[in-house]
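Listed in TrEMBL for this protein:
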| type | residues | note |
| --- | --- | --- |
| DOMAIN | 15-147 | domain 'MARVEL' |
| DOMAIN | 152-288 | domain 'MARVEL' |
| TRANSMEM | 16-39 | transmembrane segment |
| TRANSMEM | 51-69 | transmembrane segment |
| TRANSMEM | 89-110 | transmembrane segment |
| TRANSMEM | 117-137 | transmembrane segment |
| TRANSMEM | 149-172 | transmembrane segment |
| TRANSMEM | 184-206 | transmembrane segment |
| TRANSMEM | 221-242 | transmembrane segment |
| TRANSMEM | 263-282 | transmembrane segment |
Amino acid sequence: ESAGTMAVATVNLRALTSWVGIARIFAVVLSCLTFSLVASTGNFGGPYGTWCMFTWCFCFIVTLLVLLLELLELYPMLPLSWDDFTSAFSMLAALMVFTSSVVFPSTFISSPCSSNYCARQAVATTASCLCFLAYAAEVGLTRAKPGDISSFLSTVPGLLKVFEAYVACLIFSLLDEYNKESGLMWCVAVYSICFIFTLLIIIFTIGRCLAYIPCPLDKMLVGYNLLALLMYITATVLWPLYSFRGKSRPNSCGRGCSWDKHLGITFLTIFNLIAYLVDLIYSSRMVFIRTP
């Protein structure tokens, strides 16, 4: 009975002492420091401040949970692909923290910055940037080696799937005044369709449901990436064409201006177009060029 109890209470110290574990510990400490400093200023209102605080708290909680589950070796009990989950989360956390590291100082830190209040905001921004580096290091440490596809979301195409879904979410957050032009409505349909299918691929991979798809998965992904790339090419052309045709930036265009939002969507569309192109190249190599 005592032996059984000892087996259940197994502690894997390597979860804390490995390079991946050290990167996660840094991420936990830095994310906690960041949201604590921002909370102490009391200035994080509005949608941008709420997003930044949610990002740091969410990443802190999930990373701490990952560390505890690996330390106590409880993760095999979960009905999901643990390697895929941790790879997808570290990529998502890196993207979220990077966005917050840019949005927070540009929104809340004013110039000149000389008070103790502003100093705490500056230290929080620095800690957030270091937290991004910790998550980026984890992504690099857990990325699958060439030829290894045992964990799809740790491969380059898998990590790009997370990037593509996240960029689509940023696009949705900026959408404004698009239902008056048929070209813009087509672009929104492109963003939505590609986001839904990409998100389903991520969820099915983590939930170990891809085996139930009655067709060759690798070839299906290549076909989907090609279709998504073609759709994003049309969006890359049509979105700026219909958004800025005969329109110049208004002189009264302040924060939250529709013209600036449409410009942001233009750049994000280009980013996703490049991501789907690279995704197609890598997934095609994985399918048609076998590594000995």
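Note that Cβ sites are derived from N, Cα and C of the backbone, with glycine treated the same way.
Between the transmembrane segment (263-282) and the listed ranges 16-39, 89-110, 149-172, 184-206, 221-242, the one holding the most Cβ pairs under 8 Å is 149-172. Helix, strand and coil content of the domain 'MARVEL' (15-147), in residues and according to DSSP, is 109 helix, 0 strand, 24 coil. If you count C-beta pairs under 8 angstroms between the transmembrane segment (149-172) and each of 51-69, 89-110, 117-137, 184-206, the highest count goes to 184-206. Within the same chain, residues 157, 164, 181, 183-184, 186-187, 190-191, 193-194, 197-198, 201, 262, 265-266, 269-270, 272-273, 276-277, 279-280, 283-284, 287 sit at least 6 positions outside the transmembrane segment (221-242) and bring their C-beta atoms closer than 8 Å to a C-beta of that stretch. Distant neighbours of the transmembrane segment (184-206): 80-81, 84-85, 88, 152-153, 158, 161-162, 164-165, 168-169, 171-172, 175, 178, 213, 221, 224, 228, 231-232, 234-235, 238-239, 242-243, 269, 272, 276; these residues of the same chain sit at least 6 beyond its ends, with a Cβ under 8 Å from one of its Cβ atoms.
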